[in-house]
Amino acid sequence: MGKAKANAGPLARRPDNSAFKQQRLPAWSPMLTAQTVLPFFYGMAIVCVLLGAWLLVTVQNTHELKVDYTHAGSCDKCFEKRKDRANANQSCNCTVVFNIENMFKGDVFFYYGLINFHQNLRQYMDSRDDGQMIGRNKNLRNPSSYCEPFIKDKNGLPIAPCGAVANSMFNDSFTLVYHSAAGSRVVPLFRKGITWYTDKNVKFRNPQVENKTLTLAQVFEGTGQPLYWQKPVYDLDPWDRNNNGFINEDLIVWMREAAFPNFKKLYGVLNRAIEPFTDGLPAGNYSVLISYNFPVEYFQGRKEVVLSTVSWFGGQNNFLPVAYLVTGCLILLLAVILTAVWWKFGKNGRNMEE
Amino acid sequence: MVKRDSSLQITRFHCSRVRWRRALHHSSRTLGIAYGDLMRVCGCSATETHFTKLPMNSYCAELIPEISSLSWVTTTVPLVMVLLITAVKDATDDYNEKWMNVRVGDIIKLENNHFVTADILLLSSSEPYGLCYIETAELDGETNLKVRQALTVTSDLGADITKLADFNGNIICEPPNNKLDKFTGTLYWRDNKYPLDNEKMLLRGCVLRNTEWCFGMVVFAGLQTKLMQNCGRTKFKRTSIDKLMNTLVLWIFGFLVCMGVILAIGNTIWEQKVGRSFSVYLLWDEPIRNNNVVFSGFLTFWSYIIILNTMVPISLYVSVEVIRLGHSYFINWDRKMYYIQKDTPAEARTTTLNEELGQVEFIFSDKTGTLTQNIMVFNKCSINGKSYGTRDSRCAFAFGSCVLELSHFSFNPLSDRKFKFHDSSLLEAIKMEEPSVQDFFRLLALCHTVIDDKVDRDLVYQAQSPDEGALVTAARNFGFVFRSRTPETVTLYEMGTAVNYQLLAILDFNNVRKRMSVIVRNPAGHIKLYCKGADTIIFDRLDPSNHVLMNTTSEHLYEFAGEGLRTLALAYKDLDENVLEEWMKRLLYASTVIENREEGLADLYEEIETGLMLLGATAVEDKLQEGVPETIACLTLANIKIWVLTGDKLETAMNIGYSCNMLRDDMNEVFIISGHSVLEVQQQLRLGLMAHALEPELEQVLLETACLCKTVICCRVTPMQKAQVVELVKTNKMAVTLAIGDGANDVSMIKTAHIGVGISGQEGMQAVLASDYSFAQFRYLQRLLLVHGRWSYFRMCNFLFYFFYKNFAFTLVHFWFGFFCGFSAQTVYDQWFITLFNIVYTSLPVLAMGLFDQDVNEANSHRYPSLYRPGQLNVLFNKRQFFLCTLQGVGTSFLLFFIPYGAFCLVARDDGSHISDQQAFAVIISTSLVIVVSVQIGLDTYYWTAVNHVFVWGSLAVYFAILFAMHSDGLFSIFPSHFPFIGTARNCLTQKSVWLVIMLTTVATSVHLLMDCTRFFSFCCEMLPHSSTKAPVSSWTFLWGIALALPLRSNRSQMCSIRLRYGFFAGHGRTLTILSCRKSRTERVVWLVALSCWRVMSG
C-alpha cells in the first residue's frame, strides 16, 4: 500500500488528481422525495389495476372444461382392473360423457391431466439420459448410470429410452366424439405439433446410422423396451411412421417433466379444417373413448381430460388478473396512506418538533 | 533467551544471490498463502473454524450420489473463483515476504545503498573503527544518518573472507521483540565476552550509506526481525462488524440446519404417506425400499444442506475484503489528505478497519506533534535566576508599530540565519562572558545526541528530536557552536575558538528517566557532568544549596508553561577523577550483564546524577498545527469526545486546550483535579469535585465523570497510562476508540485503541509503524472520520444488508419448492444458475455499490457533522437489521416462488403447449430473481456512477447472454447431459404471460423495498437549511419514524435544550434519529492530573 511512484521530484508521492481516485466520479444521485415517489406509486397502482382488469376480461372469454375420468362412468371397472398388476397386459376401454354448454371458440386444446403424480422428485427427474435421447449410439447401448435401476431389462439389454421418466410414460389414449343431431362423429385432433420446436428438432433425435435404408426397428435392435411399456419405442405411433422412436411427440411431451404434482399435458389440437369444427368446438354432447392403461390408484392419483381455449397470454388463468388487481389495490392503499402522512407531517419539510 | 551459533554456516556473501532465491521462493509461496487464506476467508478467527468445514463438508457430500443434489461443478466453480481472487489479492498485498532465505547465523556482506535484509550484528566495515552509517527512514522515518560501530575485535576481521568464515562466536541475546531502539546481547568469542547493544546492530529496513561495504552476522531473520515484529500485530484488530458478521454466519448456519431438519422431517412424513405408494414409478434405493423412511429423511437432510448452503456465502468474506481494500486505496489516493510540504500522502496501513472509522466515539489525542507542529523554536530561557526572551510589554500588544529588537548574530560566522531571538540582553550577557551564561550554552552544545552534517560547507544538524535541534541551534547562535563529534570526542567552537571535549559517557534519555546527561573532560582536564531534563526530575536531584535559585527558576518555568512553552531544566556537576573511575568500572560491568541490564544501568545513572547544580531552564515554543481548532470543533459537533492525553505540564496543556478551542471562556466550570495520593483525590471527590484516578475502585467513577464532561485533558501521563485510559474507555463504554499520536510514547495507546492513527511528523516513524492509518496533519482526521469513515461504514452496512438479503431471496426458494417436490431436494434453478448467481450475476453491482456509493457528498459530510451519529449508534447494520433483511429475503423468496406457481401451475402457452414444466419454471424464477435483486440494488444505490450503470445493466445483460448461451442448441449437442435446458429460455421468454409474471413479481417485491428506502419525508430540513443543497438527506420512513420519535420526545424534558432532528434513513426501514446537542447541560471540563495515584495503579 502507498507505494511511492517511480517519478521523483518534490511531489513524487502526491496522489493523482483523477475523478476516480478522488471519488468525484460524475454520478446521478436520484433525490427521491414525496413529490417524485408518490406519483410513481399512484402510477404503478393504476397500471396494475388496469392491467388486471384487462386480463380479467380476457380470461372471461376463454373456456376450460375438466373431466375427471379416474372412475367416472364406465371407467370404474377399468380402475378396478388396473389395481391388479397381473392385468397389465389386458386392454380396457371405457367412455366418459360430458356436455359443452357454450361453444369453445377458436383453437381448442385437448390435454390429459394427472393429479398427485410427482414428476418433480429429484431422483425421478435425474433418471433419464439426454445423451441417449439425442441419438448417440454410445448412449443407446450404454445408457447413463443415472437411469438406474431402469437401465437394463431382464434379458440384460439396454433399455431405450432408459430411466424412470420414460418408464412411467402416460399411456392412456383418447378419442373425442361429438354427438350432434346429425349423428356422432369423431372430433379430429392433430396429434403432432404439440411439442416445443426445439424439443422435437434438437433435443430429441433418433439414433443416426450410416445406412439410411434401415428401418427404425433395426436401428433400435439390441435394445429393450422400458419395463412398463407395452410396445417398443419404435412402434409408439402405429399410424405415423415418422412419429416413432425418440421423436414421438407424446414421449417428448411426457419427458418435459412437470414442476408440480398436479399437471396437464397436451394431447392434441383441434383440427379446424373440418366442419363443424371450423370455429371451434360447438356446444353439445361429447364423449371421450378412453383406452384406460395408466394406473393411478397406487399413489391415490387422479386422471382427467381438459379442453381449453387460449388467449393472448396463454390458457385460462384467473390467478394473474386477480393478482394484478390485488397488487394494484395494495399499492393504491399504500400510496393513500403515504400521502396522508406526508400531508400531515412532511409537506412543508418541517421537523416534528412543535 | 535464544542461543545463536554462528559456526553453523558461513555462506552467501552477496545479497544478489539471496535475492534471486527469494524470487523463486515467493512465487511458490503464493499458492500456500492462497490456501491458508481460504481458511481465513471462511473462518477469520478461532470462533469460525466451523465454517471452514461447511463448504468443505458439502463438497465432500456432493461426491456421494445418494445425497448429491448439485453437481460438483456447482460448488467447485465458486470455490475456485474465491481461491483465485484471494490469491491475487494476496500476491499484490504482500510484499513482506522478502528475504526468506537469510537464516540466523549467516554472515552477509552489504554494500553501499543496500537495504539491510535482516537484523544483523555489525562485524566489520570499510570505514575506520568499524564504523558504518545507516539511514533508518523506512524503519522509524528519521532521515538523519546514524552511526553504528562494530566491536573492535570483530572490526579487525576486515574483509578477509577466510577469517570471517572462521568466525565462530556465540551470541546470546534477547528473544525477538519489536523494540526498534533496544537490543541486549552478549557475544562469546575466543573465551571473552563482549556486550552488544543497539549501536552494533543493523536492523532490517535500514539502508547502508557512506560506507563502501560491511559484514554482519544475522541475528534475527524473517518474521523475527524487529521490523516484522512491528508489522505483524495489526492483523489481530477486528472490527465490530467483523465480529457481528461472524455471529451472523453462525446464526445462518443454525438457520440452515433448522431448515434442513424441517425439510428432512417433511421428507420422512412424505415418504411415509405418499412416496411409498409412488415407488412403483421410482424403484427406490435399497435402504428406503426396506421401509426405512427415517433413513431417507436423513439423506434428505444432507441433500438440503448442500442445496441451501448458498445461504452461507463463501464469497462474503472475499467481497468484504475487496471492499475494504478499495476503501483503503481511496484513503491513500486522497489528495485532500496529502501534505504537500512533506510530500506525505495519507496511508491506510491496515485494510481491515475502515468501516470502524465511521463509528468512532472517543478520540484520544497526543498533544506534541499531533495537535502542534512539533517544530521547536528556542524562545525563552532562565539563566541563573534571570529570565531572558520576554517581549517588552511595549511591543507585545502593538504589532507593526513597534520594531522588535532582534538579536544580531553577525559576530558569529557559523550562526544559523533563520534563528531569531527577541531579547538582546542575552547576547550582551554572552559578550560580557558571564560564566553561568557561558556554561548554560556550553551545556546545550555538549549534552545532546545531534549529529553534525556538512552540506556545501554549511553546518547542518541532524537531530532525532526537534527539541534538541532547537537547543543546539540556539547554542550555536550564541557562540557555542557544536562542530563535530566522534565516538570519543566533541568539538565546539566557543566564541570562535575550537575546543575539544573528551566524551566519557552518555547517559541517554528515555521516557522513564526523562533526562539525559553527558560526562566530559574539558581541555583543562576538569571532568563535568551536564544534565538536562524535565524540571521536576532535575529539581529532585539538585544540591540543597540551590534552593533559592530553584524557587526563582520554577517561577519562571511556571510562567513559560503558562504560555504553552515546553520547558527543560539544565544542571551540571563537577566530578572527581577517582569517583568517576570507580563508577566507570561498574558501568562497564553493568553493560555486559544480560538480565536486568536496563535496571542496573538506570541505578548507576541515578547514582551519579545527584547533587546537581542548577544552571537554568529553557523554553521552547511549539506552534499549533494548521486547522486544529476547526477540526476539534467539527469533531465535537459529530458527537465525538476528544480526550487529550499529554505528558506536558498542566499549564502547558491548559494553554493548548484554550488555543485548540477545546476550552472556551463560556465554560464556567473548569475542574482541575490534582492530587498526589488516593486519599487526596477521594477528598476532592467528597468536596463535589469530579476527581478520580485510575485506581481500580475509582475507575468507574472517573469514567462516568469524564464522560459527562465536554472536554477531558489528562496531563502528566506516561505512555503506559495513556494506554490504560484508552483501555478503560474501550472496555467499559463499548464504544469505538481512536488514538492519534506521533511519537514513540504514543505507541502503546495506538496499539490499544480500536483504531490507531499515526502522525508522520518530526518524531520518527514509530507511531506510524504501530498505527493503522497515518497522515501528516491532525486536521486530516476530520476527513478520515467524517468522510472516509462515514462512507466506509455506510457502504459496508448497505453491502452486508444487500448481500444477506440477496442470498436469502435466492436460496429460500428451494425451501418453498420442497413442499411441492416431496422434499426430495430437487433444485428450483438450473445448476449453472446456482453456480453463477453469486459470482457473476450479482457480484459486481453490489461491489460497485460497496465501493462507490455516497449517500451524502463530502461537502455535506463536513457541513453536517451530526450525520456521523448513526455510525456511533450502530444503527445501519446490527442484529435487528439482519433480522429485517432475513425477513425481507424470506418475503422476496416467497413471492418469487408463489407468484409464478399461482400463475403457471395449470396454465398453457399461447400456442397451447404447456409451460408448467420444471425447466420453464426454473427460467422464470431465476429471471425474476435476477431482475428483482437488480431493482433492489438500484434502489439501494444513491450514487450512480458510470461504473454502477455498467455493472448493473451489464450484469443483467450478461445474465441473459449466458442464459441463452447455456440453452443453445450448440452447447447441448456437445454436452447433452450438462446442458439439458436446451431451448427453455427461447420458449419461455417469448411468452407474454411470462413477462407479466416477472413484472408482477418485481412490482410486488419492490413495493415494500421502495417504501422503505425512498428517502421519503423531509423531516429534517432544519438540518439542511437550504433545501437547494443537493443532499439526499431529507427523507425517512414514516412508520419507523413515528415509532421512534415518541420515546425520544418524552425524553426531552430531561435534556435541556436538545433538538430532535429526524433524519431520513437510508434503506430497508433503517431509521436514523439525529440528536444534536447545541449546548450540553454539563459544560464541564475535567482536568485530570493524576500523578501518584496513577503510578500506584500502573505499578
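Cβ atoms are placed via backbone N, Cα and C, with glycine included.
Packing against the transmembrane segment (B:248-270) from elsewhere in the chain are residues 47-48, 50-51, 54, 293-294, 296-298, 300-302, 304-305, 308-309, 311-312, 316, 804, 815, 818-819, 822-825, 879, 882, 886: each is 6 or more residues past its ends and has a CB under 8 Å from a CB in it. What TrEMBL lists as transmembrane segment is B:248-270 (among others).
Taken from TrEMBL, the feature transmembrane segment applies to B:291-318 (among others).
Per TrEMBL, the feature ATP binding site maps to B:Asp366, B:Lys367, B:Thr368, B:Glu468, B:Phe509, B:Lys532, B:Arg566, B:Thr646, B:Gly647, B:Asp648, B:Arg716, B:Lys722, B:Asn745, B:Asp746. There are 24 other Cβ atoms within 10 Å of the Cβ belonging to B:Arg566 (ATP binding site).
In the three-state DSSP scheme, B:Asp366 (ATP binding site) is classed as coil. The active site, 4-aspartylphosphate intermediate annotation in TrEMBL covers B:Asp366.
According to TrEMBL, the feature Mg(2+) binding site maps to B:Asp366, B:Thr368, B:Asp742, B:Asp746.
Within the model, the domain 'P-type ATPase C-terminal' (B:768-1007) carries an average pLDDT of 89. As annotated by TrEMBL, domain 'P-type ATPase C-terminal' applies to B:768-1007.
Marked as transmembrane segment by TrEMBL: B:799-820 (among others).
Per TrEMBL, the feature transmembrane segment maps to B:832-852 (among others). Counting only same-chain residues 6+ beyond the ends of the transmembrane segment (B:832-852), those with a CB under 8 A from a CB of the stretch are 70, 73-75, 77-78, 81, 310, 313, 315, 319, 322-323, 326-327, 795-796, 798-799, 802-803, 806-807, 810, 922, 926, 929-930, 933-934, 937, 940-941, 943, 945, 947-948, 951-952, 954-955, 958-959, 962, 966, 979.
As annotated by TrEMBL, transmembrane segment applies to B:881-908 (among others).
Among the features that TrEMBL reports, transmembrane segment is placed at B:920-939 (among others).
Within its own chain, the transmembrane segment (B:951-972) is flanked in space by residues 830, 832, 836, 840-842, 844-845, 847-848, 923, 926-927, 930-931, 934, 937-938, 941, 979-986, which lie at least six positions past its ends and keep a Cβ under 8 Å from the stretch. Annotated transmembrane segment per TrEMBL: B:951-972 (among others), in sequence order.
TrEMBL lists B:993-1011 (among others) with the feature transmembrane segment.
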Assigned conformation of B:Arg566 (ATP binding site) - DSSP reduced to three states: strand
Fewest other Cβ within 10 angstroms of its own Cβ, chosen from the binding-site residues B:Phe509, B:Asn745: B:Phe509
Cα distance (Å, whole number) from B:Arg566 (ATP binding site) to B:Asp742 (Mg(2+) binding site): 17
Rounded distance in angstrom between the Cα atoms of B:Thr368 (ATP binding site) and B:Asp746 (Mg(2+) binding site): 10
Whole-number Å value for how far B:Asp746 (Mg(2+) binding site) lies from B:Gly647 (ATP binding site) (Cα to Cα): 10
Cα-to-Cα gap, B:Phe509 (ATP binding site) vs B:Asp746 (Mg(2+) binding site), nearest whole Å: 17
CB contacts for B:Asp742 (Mg(2+) binding site) [other CB atoms within 10 A, all chains]: 32
Listed in sequence order, residues with CB under 8 A of B:Asp746 (Mg(2+) binding site) and six or more positions away: B:Asp366, B:Thr370, B:Pro719, B:Lys722, B:Ala739, B:Ile740, B:Gly758, B:Ala767
Binding-site residues: B:Asp366, B:Gly647 - member with fewest neighbouring CB atoms within 10 Å: B:Gly647
